[in-house]
Amino acid sequence: MAADRHPATPGTGDPGWEAAAASEDEIPEATQVFATALNIPLPDLVDTERDHPVNDTDRFLLVRDGARVAGTVNSHLFSLSVPGGPRPAAGVTGVGVLPTHRRRGILSALMRGQLADLRRRGENLAVLWASEGGIYGRYGYGRATRQYTVTVSRAHAALRPDAPRDPSLTLELAAPADVLPDLDLLHRAAQAERNGGFPREGNWWPLRLWMLSRPQADTSDLRAVLVRDARGRPVGSALHRLTTGFGHGGLPTGRVTAREVNALTPAARTALYEYLFATDLTVETEIIGLPEDDPLPALLADPAQAVRSGGAGLWLRLVDVPAALSERTYARPLDTVIEVADRYAPWNAGRWHLKTDGEDTRVEATTADPDLSLDAAHLGAAHLGRGPVTTHVDAGTAAEHTPGAAARLDTALYTPRAPRCDTGF
Ligand SMILES: CC(=O)SCCNC(=O)CCNC(=O)[C@H](O)C(C)(C)COP(=O)(O)OP(=O)(O)OC[C@H]1O[C@@H](n2cnc3c(N)ncnc32)[C@H](O)[C@@H]1OP(=O)(O)O
């Protein structure tokens, strides 16, 4: 599409970049290009890739400049939790363009080529973690989850007196690799509760633990804390590391950094938080990756002591708009016409009549007047139920032609729990 061509750097001419599949023997060069693009040493990546279970070489796409690789993109196939159940989704990763070749349209060529490739594969959704949030909106991705780091100072970490507590629960400290089946069981239960995540099949657990265990100065090894019920069954788990420090007068300044707080029962969650907040030689606990509606503030005696930062999340894209909208469920019946703009996946552009009773959904092309006009990225942000289209109408980047149409769409897309993805890729 002529409108998608980006001007070349003055004087270089526009080479008309094309993304094409990588051959097996180009993968090492592609990996080197990605490492160079990310400004990281190759061994960091190579270790990751070597242990990677799902590095399917036929999912790499490259842009070549003559004989050399100038840009790369890759993806993994996941089973992503969406409203209505798990669905195939491409986890886009490995995006990198050589520093010598930037701002000349190579990423745009890769994105366009990858979307066409995913459509051919019948993968109706694509998700990614963005290195910088400003990059992917133009390609039809919208931020579909918002995840926070919550910091609680030890001095103000008391939970409410009526927080559910079960004296029969016990705590166990372990090396994560030694309790992997228990961690996996609790992780799968957490995935079933919220959309936006995927089970860690194959080698994803070892890879995840490797990433979280990388050496850091003055920081402990990665530890798992498990909560067990009276029969010894796991009902809660969290991963954490401890940073040691001493300030003026030798006073401790250590910190607990925790993540993946998964609990089957409210009492198990209380036990985990009380454990994480009460570590000697630390002054605060930070918990990374909490969804926006995590119960922690509701458990604290003073909810304002849960100090929230961040808000990055998983970006989602409807590769095939009618197929993706048909394969999820809805909280309410809906009958609406949506006009979609989509520069990078032109098969999605046009008007779609969406009719659902909540479970059974039909999405068909139509020439009827639209109730709403929006960008594919707005649908991506909204798909997991917590990225209101109304916000984009208010911002003036989407248009409502029938009063209340955005609110009705938001209500139908809504999910009672906020989505969350707890695995980087
Ligand atoms: C899912 C992941 O893998 S996340 C990892 C992403 N990779 C990195 O961050 C590695 C370092 N960066 C890079 O390799 C490159 O700069 C990339 C991949 C981000 C961009 O590649 P380029 O080939 O320079 O992008 P391209 O020239 O196609 O630019 C396309 C558009 O994106 C914009 N853009 C490019 N990089 C950025 C950025 N970092 N932030 C905001 N906008 C950006 C361009 O201005 C251009 O905008 P336009 O469509 O309005 O004209």
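From the backbone N, Cα and C atoms, a Cβ is placed for every residue, glycine too.
Here is what TrEMBL records for this protein:
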ACT_SITE  Tyr136  active site, proton donor
ACT_SITE  Phe425  active site, proton acceptor
BINDING   Val95, Gly96, Val97, Arg103, Arg104, Gly105, Ile106, Leu107, Ser108, Ser131, Glu132  acetyl-CoA binding site
DOMAIN    25-166  domain 'N-acetyltransferase'
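Cβ crowding, taken as the number of other Cβ atoms within 10 Å, peaks at Tyr136 among the active-site residues Tyr136, Phe425. With respect to ligand 1, the recorded positions Val95, Ser108, Glu132, Phe425 contribute Val95, Ser108, Glu132 as residues with a C-beta closer than 6 angstroms to one of its atoms, given in sequence order. Largest Cα-to-Cα span within the acetyl-CoA-binding set Val95, Gly96, Val97, Arg103, Arg104, Gly105, Ile106, Leu107, Ser108, Ser131, Glu132: 19 Å. Arg104 (acetyl-CoA binding site) is surrounded by 23 other CB atoms, counting those within 10 A of its CB over all protein chains shown. The Cβ neighbour count for Val95 (acetyl-CoA binding site), using a 10 Å radius over every protein chain in view, is 22. The closest partner of Tyr136 (active site, proton donor) among the recorded positions, by CA position, is Ser108; the full candidate set was Arg104, Ile106, Ser108, Phe425. Taken residue by residue with DSSP, Val97 (acetyl-CoA binding site) is part of a strand.
Across the fold, the C-alpha of Arg104 (acetyl-CoA binding site) and the C-alpha of the residue listed as 'active site, proton acceptor' stand 26 Å from each other. Listed in sequence order, Trp17, Val63, Ala70, Gly71, Val97 are the same-chain residues at least 6 apart in sequence whose CB falls under 8 Å from the CB of Ile106 (acetyl-CoA binding site). Of Val95, Ser108, Glu132, all annotated as binding-site residues, the residue with the shortest Cα distance to Phe425 (active site, proton acceptor) is Val95. Mapped onto three states, the DSSP output places Glu132 (acetyl-CoA binding site) in coil.
Under the three-state DSSP scheme, Arg104 (acetyl-CoA binding site) falls in the coil class. Comparing the binding-site residues Val97, Glu132 on other C-beta atoms within 10 angstroms of each C-beta gives the minimum for Glu132.
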